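Notes follow once the structure below has been shown.
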Amino acid sequence: MQPRDDTIQTILDTIEDGFFEVDLAGNMLVCNRALARIIGYPVPELLGKNYTEYMKAETAQLVYKVFSGVFLTREPVRGFEWELLRPDGSTLWVETSVSPVINGDGRIAGFRGVLRDISARKKAEQLLDHQLQFEKLLAHISQVLFLSNEANLDSCIELALAKLGEFVGADRSYLFLFSADMRTTSNTHEWCAPGISPQKHNLQKLPAEVFSWWMKQLYTEPYLYIPSVSELPPEAEVERQLLEMQDIQSLIVVSVPGHGGNLLGFLGFDAVREKREWHEDSIRLLSMAAQCIAHAIQRCRSDRIIHESARLLQDIVNFFPDPFFAIDAEGKVTVWNQAMEQLSGVKAGEIIGKGDYEYALPFYGCRRPLLADLALSYDSETVELYDKLLHIEDQTLTVETKVPMLDGKTLWAKAKPIYDRKGKIKGAVQSLRDITYRVQMEEQLKNTLSELEAVMEALPDLYLRLKADGTVLDIRAGYNAALDLDYARAVGKNLPEVFVPSINRALEQTLSEVIQTRKAGVTQFSCSNSDERYFQAHVVPLFGDQAVAVIRDVTEHHKYTKYLQEISLYDNLTKVHNRHAFQQELERIQTLSETFPMGIMVCDVDGLKLVNDVLGHLAGDRLLEVFAQLLKSCFENKAKIFRTGGDEFVAIFPLHDHQDMETRYAELYQAVDLYNSTNPDLPLSISAGVGLCQEPGPAVQDALERADNNMYQAKLRQYKGSHLYLKQTLMHALAERDFLAQGHGDRLQKTLLLLARAVGMPSSRLDDFRLMAYFHDIGKIRVPQHILMKPGPLTPEEKREVAKHCTVGHRIALSAPELVPIAEWILHHHERWDGSGYPLGLKETAIPLESRIFAIADAYDAITNDRPYRKARSSAEAVAELRACAGTQFDPELVNLFISVVLPAIESSFS
């Protein structure tokens, strides 16, 4: 190709489109100014440049293919579009037409063409395409959200966010919704581009008041555009920190509108990787999407409200305890609640939508109008079905009727028409109530009232029905009303006009309290006619301001109560005052100075527990009665006597000084001695102490404590005497039961002492063996006499009864100080060497030595002397028995010692 001359170049430079010629390698040979302007290089620089230097690599490949096609086909290409790369890095869309340059020999030497700047057109085309895509996306989102429901709304919103984010090239798109009270906002839905971290979990229940700047923008501006988070104003410091925590560079947010100017929330796009500008189309898309989402949310919420309202209405319908149904203007059933199902036995699904009076079948067994039909369309024939029982008021019809198909139940029916908004009847509703029970109750009530009238006449009480102001509305006098009143004239009068002042005051006060508190009240009063009589009034509130008062004569009850109060202060056994009376007396005398100086005597019956254990509680009770009688006979009119404990008595002597109390003290002991001299079978032993008090107050308690201490001192001083008394009591008890007859105790004592000495027992223990000889069977005093003296063998039950005497004897011995040393011996004196004895089954050396010694001595004496069930045997027979039982019943070593040492001594003493 030849270079162009200046004329041609001048012509080319006048062309608006760019002109070029390149060689086969793509190097620029010729160009005009328009081409240089479009590409961005001066003409001199552009000449010689290869086409690849002003286009991107992928574009260069595309251009190469086009030029190659021209080369191969020798046909021009027109309207080829490609993107040109300018020196400043910007791009430009151009349209090129290319044709081959053929030299004289017919070969292609290069290419020439025209290049036109189509950026404006291309931009318009792209904008149009973008708009089409925009509208397509918006239509798709609108359709998805429009078809959404409460079940899939979340997934639809998430799909919309993904589509929106991808379309505008956002890194993150999201929806925030406010709480109902607008106090908090939460990220409810979120979409993130690949590689972008989700933030939804960190953005829950954010307090709206903390983000005041953000909230203000949402309320006052159509959208919130933040091109650079780092450049937010100082008043948005809280917002800036929160956004930077999410790595947000820039963002655009629009409000999601609600009803009445309120906000549901806000919708936004984030740029995380780099700052970016958000163009108007993105803002518009976001705003329109926010509208769609708002409509979807509000619609789903409305649907939910409608659904919940319908369900609530159905629940309410089914909640009503009364059966009811509704029909439309054509008489077809539209509502049939659960109570109606239960009453009729027909399910709602079986009857909804049915007409032709089918709803009457469960009640009457035939098709006929019901009350609802009468409410729907009033006609005289239907009225006649209900006879004269029909009642109509304010378009509401009510009637009581018996239903033959429901066992003759009586139903109360109520019906009313249903109107539409225009006031036209569109149906009717009828409710039913089973009043069979009520009707029966009304009948019973009539009978009950009749019976009540008869009962009122039979009651002894006075009955009053009163108003709150005391007016007598009704009065009934029983057969024993006992108040002298003119009952016939009392109705309509006030209480002061009916009763004497004392009765009136009591009734008026109680009536006032009952009316105010609505709780029953009780009052008592007395009335003196010929004699003193007592009355009790029970006042019970009625409906409104009325009350009932029942007045009863309680004179006999009052007397009996007074009697019970009096006897509650006396001991039932001894007939002297009890401890309760003693406590009252102490409180009383502490405030009465005229009773001082005063003496207090505390007395204790010695050995009462032992007497109870040995002789039984009847003997112990007799001893207490004897002592109480002695106290009363000694101190009659001088002291007040109290039983303050099981074996303890107290006597209080008003106006007694030291000398007086010494005299009283001596008198008591003289009386005890006198009693014992005439009653040796059950002697009485006591300990007594006195205390003096000069003034009321705490000194009384001090005197009581001194008397108590002195009593215990006396008990210690009398220790030996009381021991003798106890021993005499026990000996007497044993003698009465014939346990000491025929010299058993004396013989056993001698044998025991011989064996104890042979064993080497110290002399200090021999006295205990003497006691053991007499009291080892003390427990048998609690065994029935007929068992002990039975001549034949004992039954198993009788044997068990006898076996108890060891434990009983052990307990008695522990009650008597003198017998305490032998208590354990008594417990184990029937144990056997082989462990087959009782009560504990001890064996061998686990049995106390003293009990083993006693067992041998007692057995020898039992064999060689008469018993109720056999005669005495010889000493030789006794020895043979002991030898036979050595190692089973008896300690074998002790048996040998007894035979070799003790037995010769016994035989020599009897020879």
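Every residue, even glycine, has its Cβ placed from backbone N, Cα and C.
Since we're looking at a predicted model, the values are computed, not measured.
According to TrEMBL:
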type   : residues : note
DOMAIN : 4-74     : domain 'PAS'
DOMAIN : 78-130   : domain 'PAC'
DOMAIN : 309-362  : domain 'PAS'
DOMAIN : 397-447  : domain 'PAC'
DOMAIN : 448-518  : domain 'PAS'
DOMAIN : 596-729  : domain 'GGDEF'
DOMAIN : 719-911  : domain 'HD-GYP'
Remark   = Model confidence over the domain 'PAS' (4-74), as mean pLDDT, sits at 89
Ask   = Using DSSP, how many residues of the domain 'GGDEF' (596-729) fall into helix, strand and coil, respectively?
value = 79 helix, 27 strand, 28 coil
Query = By DSSP, how many residues in the domain 'PAS' (4-74) are helix, how many strand, and how many coil?
reply = 40 helix, 13 strand, 18 coil
The domain 'PAC' (78-130), counted residue by residue under DSSP: helix, strand, coil = 12 helix, 30 strand, 11 coil
Query = For the domain 'PAS' (309-362), what are the DSSP-based totals of helix, strand and coil residues?
reply = 27 helix, 9 strand, 18 coil
